[in-house]
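If you look up TrEMBL, you'll see A:15-29 marked as compositional bias 'Polar residues'. What TrEMBL lists as compositional bias 'Basic residues' is A:32-42. Among the features that TrEMBL reports, region 'Disordered' is placed at A:15-56. If you look up TrEMBL, you'll see A:120-156, A:157-191, A:192-222, A:228-262, A:263-297, A:298-332, A:333-367, A:368-402, A:403-437 marked as repeat 'PPR'.
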Amino acid sequence: MGKFPPSFRSAISSTSLIKNAPSQQQQQPHYFPKKLTKKNSPKPHETQTPPPHKSLFKTSSLNEAKSLFNSFISTTKAPLLDNLRLHNSFLQSYTSISTLDDSISLLDHMVKTLPSLSPDRSTYHVLLSQSCREPDSSLSSAQKVLNLMVNKGFKPNQFTVDVAIRSLCSAGRVDDAILLIKEFSSKHSKPDTFTYNFLVKCLCKSRIFNSVYSFIDEMKSSFDIKPDLVTYTILIDNVCNAKNIREADRLVAVLKECGLKPDAFLYNTIMKGYCLLNKGIEAVRIYKQMKEEGVEPDLVTYNTLIFGLSKCGRVGEAKKLLKIMVESGHFPDAVTYTSLMNGMCREGDVLGAASLLEEMELKGCSPNSCTYNTLLHGFCKGRMLNKGVELYGVIKKGGMKLETASYATFVRALCREGRVAEAYEVFDYAVESKSLTDVAAYTTLESTLKWLKKAREQGLAV
Amino acid sequence: MLPQKMKKAITDNPKQLANLIDLVNLPSTLRDFVGQSQISHLGCFMRVWSYIKTNNLQDPNNKNVVNCDEKLKSILLGKQQVELVELPALIKLHFPKQKNMYFMSFITFEIVTHSI
């Protein structure tokens, strides 16, 4: 107990647990569309202008870009020329391959040759995002664009902050991002919660927690920007991944003090933390607390709980929970069933797990490669090799990948029965389907065969 | 639980990995079989195994046994029949551990100097 097959780990991390992360972004639907129209080239016009934007510029030479623009405006019809987005995307494709100074000169040229063109905020955002992506280690280029913007009468606003911070973070310049966000908060406009949370998330990835806390404190004390529920969810998620559940408890207490009410995402994150530490009972406690506070559990809640309970050997409770889940109107998915199967296989009830596979297919939930790997692992551990071989046939037919643990267990089980040729065949499939690296697949095969040879010499194996 | 951990240790061990994938200058017998002067341990195994498969050298009655043809015999100690179980070990013989070689030469050197 305690350990669980890697096949299973990926099921959880890829489906149920990570759902917490995107969910934070789902809360900002009104936000992204704006950004898209601002930064990217508009789709409808691309159909009208045949040259694809990416291959528009072959060199970063300014003169060529200018002449290309000239020929472009002389060949394009009038109504299209008034469209600022088209010009923005033209500028953007040039900035992506050239220097900032050249891009500014190109913009000047564009305005001069086409007087009807009046750059707006978004045009400068294009320049700003490029200047932040440049790998040079100072903020001077970003400041240059900002000065340019202010001179033209556009005061930087929340979107400007956001564009700059996201570009800086994607270039890995987190330090500069912190500097810039402070500068913005004191001079121009405060960042909105999305920008703030995005930066906190980036900080959590690259910094120790204390420096993240000090950043949050500083923003709170100097600019009155308070962390919200999403911020706390991000923090708790990172704390839990570092297996520091006590800190998570402390954070929950802090956020309650601030007058925030935990939602389902936050509870799911804490539950995940307990499950990682193998404390299924604690996760159930959180679940009860959640219900008491009137927070409606969702699919991820149930998946996390069933996973946690199966992991620490309380399959009975997990099964009960599955019933509750169905009664409350949630459809169990592949992750739910795979979690439960894993628990049953650990208990040695492989046949029960196999019948669960049938049940799940009956209910129209299609198993994924992880489900099969879990079962294959279970069959081999439970000494039901023939069933395992059958299942391997299904895996192979579906072109699914084998996972390290199930591959190793399967190869060992085959060799134990003296079916070496079949083990070689599995090795071939593992290499062919790129499930494992060649080296990993070979070392497993080699050490298994070495063990078999020794066992034969001692008269222990066939 | 233990074997999995061990396996992880093996794949994580860079030296072990290097032994498998580093190119090695081949002795003449192997060079004739492979058709090139350098190959890695892993590459050699893959080459031999695919040679067995393409030439259908597995015994039709017992797939676990390989009936060697002349070419294969030359690199597998001249055996008429080889079991698939011992194939990795046989191929490993062509790829002695570098460190041990160095160590051995050192010992012989010691012996020689002592005898003098």
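For all residues, glycine too, the Cβ spot is worked out from N, Cα and C.
Counting residues per DSSP class in helix, strand and coil order gives 27 helix, 0 strand, 8 coil for the repeat 'PPR' (A:157-191). Each residue in the repeat 'PPR' (A:228-262) has a pLDDT score, and their mean in this model is 87. Within its own chain, the repeat 'PPR' (A:368-402) is flanked in space by residues 5, 7-8, 10-11, 14, 334, 337-338, 341-342, 344-345, 348, 350, 353-354, 357, 360, 409-410, 412-414, 417, 422, 426, 429-430, 433-436, which lie at least six positions past its ends and keep a Cβ under 8 Å from the stretch. Broken down with DSSP, the repeat 'PPR' (A:120-156) shows 25 helix, 0 strand, 12 coil. DSSP places the residues of the repeat 'PPR' (A:192-222) in helix, strand and coil in these numbers: 28 helix, 0 strand, 3 coil.
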